[in-house]
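Chemist: Heads up, here are the entries from Swiss-Prot:
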type	residues	note
SIGNAL	1-44	signal peptide
TOPO_DOM	45-322	topological domain 'Lumenal'
DOMAIN	52-276	domain 'L-type lectin-like'
BINDING	S96, D131, Y164, P165, N166, H190, G260, D261, L262	carbohydrate binding site
CARBOHYD	N183	N-linked glycosylation site
DISULFID	C202-C239	disulfide bond
TRANSMEM	323-345	transmembrane segment
TOPO_DOM	346-356	topological domain 'Cytoplasmic'
Amino acid sequence: MAAEGWIWRWGWGRRCLGRPGLPGPGPGPATPLFLLLLLGPVVADITDGNSEHLKREHSLIKPYQGVGSSSMPLWDFQGSTILTSQYVRLTPDERSKEGSIWNHQPCFLKDWEMHVHFKVHGTGKKNLHGDGIALWYTRDRLVPGPVFGSKDNFHGLAIFLDTYPNDETTERVFPYISVMVNNGSLSYDHSKDGRWTELAGCTADFRNRDHDTFLAVRYSRGRLTVMTDLEDKNEWKNCIDITGVRLPTGYYFGASAGTGDLSDNHDIISMKLFQLMVEHTPDEENIDWTKIEPSVNFLKSPKDNVDDPTGNFRSGPLTGWRVFLLLLCALLGIIVCAVVGAVVFQKRQERNKRFY
């Protein structure tokens with residue numbers, strides 16, 4: 001279970017993802033309780049437990065190869081992207097720039113964990129900067145477009161690190177991290193900051209920090225988890241946790257960024273992909289994972305994307321069945337009112353006839 005990259009930190013009451021310098025893998029969920037009691041707080045480094053599961057063919061790690069050239073092994077970049085010895089800059093702090101970097105190799109892992117070391121910084125004051133970074137696991141790569149420098153109506157997974165509130169009516173606090181799964185039928189609405197297609201999100205103060213900022217994305221057996229380390233405390237903080245997510249294998253990892261009238265430097269320092277050693281049922285093993293359509297078993301109604309100041313959504317979202325039942329009850333109510341009204345009207349007419 002060490003390779004799963006999780007630990008139950010004794011006394012914390014929550015699980016944390018591991019990365020170098022952070023608490024790493026410990027006893028997994030299947031570990032007997034008496035062993036947990038005997039072992040107590042087991043803490044290790046992910047580089048010890050997971051180094052052999054780092055997938056270098058899908059990872060971007062310093063020292064970079066190809067500095068000063070227009071290409072590098074295993075990765076392609078386009079647009080305004082520049083490669084330096086310290087970082088990959090997707091966009092400079094200039095207006096109307098787009099850039100991206102994409103892995104050469106399609107990923108055929110069913111269970112994985114991506115750690116991203118990034119930095120968003122610039123000279124713009126509050127709400128005078130933009131637009132943010134997008135992290136991708138998608139069917140198509142190197143296709144520029146309006147969604148943080150990449151294409152709209154994509155197939156796959158996107159994690160948006162949005163720094164500018166386009167919707168002036170929103171109460172959410174920016175910067176904001178959100179998740180979207182798409183089968184090509186959905187369009188990202190910048191004017192609403194993607195609220196209509198967002199699965200979940202959280203406020204995350206990652207811009208212009210004086211220390212390193214990290215994000216971790218974990219996908220395993222239909223569960224998608226996003227965590228952040230933004231406070232220089234070597235601790236992961238929960239951001240997003242969704243179940244029922246279906247993603248195919250054979251898609252590509254990438255990162256992109258875009259600026260408009262407002263701008264920022266958008267830098268990627270590293271992207272490290274770890275393979276998670278997870279047991280699957282025989283039925284799951286027999287599935288052709290390359291043919292799976294990106295989907296989520298549970299999608300929120302857009303009306304449920306009503307923010308509170310903390311960036312959380314109200315509970316009790318309206319599913320399709322709930323909307324149907326609500327409309328059915330409303331229709332029945334109208335029919336009952338109409339019938340009662342007709343009966344009352346008829347009785348009044350009969351009463352009036354008797355008087356004449």
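Backbone N, Cα and C atoms are what each Cβ position is placed from, and that goes for glycine too.
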Chemist: Which one is closest to the residue listed as 'N-linked glycosylation site' in space, judged by CA to CA distance, out of the recorded positions S96, Y164, C239?
Modeler: C239
Chemist: Counting across all protein chains present, how many other Cβ atoms fall within 10 Å of the Cβ of L262 (carbohydrate binding site)?
Modeler: 16
Chemist: Summarise the model confidence on the topological domain 'Cytoplasmic' (346-356) as a single mean pLDDT, whole number.
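Modeler: A mean pLDDT of 61 is what the predicted model shows over the topological domain 'Cytoplasmic' (346-356).
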Chemist: What whole-number Å value do you get for the CA-CA distance of Y164 (carbohydrate binding site) and C239 (disulfide bond)?
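Modeler: Checking the Cα atoms of Y164 (carbohydrate binding site) and C239 (disulfide bond) gives a distance of 19 Å.
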Chemist: Just counting, how many other CB atoms are there within 10 A of the CB of N166 (carbohydrate binding site)?
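Modeler: Excluding its own Cβ, N166 (carbohydrate binding site) sees 16 Cβ atoms within 10 Å.
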Chemist: Highest CB neighbour count within 10 A among the recorded positions S96, N183?
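Modeler: Counting Cβ neighbours within 10 Å, the top one is N183.
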Chemist: For the disulfide-bonded residues C202, C239, work out the Cβ neighbour count at 10 Å and name the residue with the minimum.
Modeler: C202
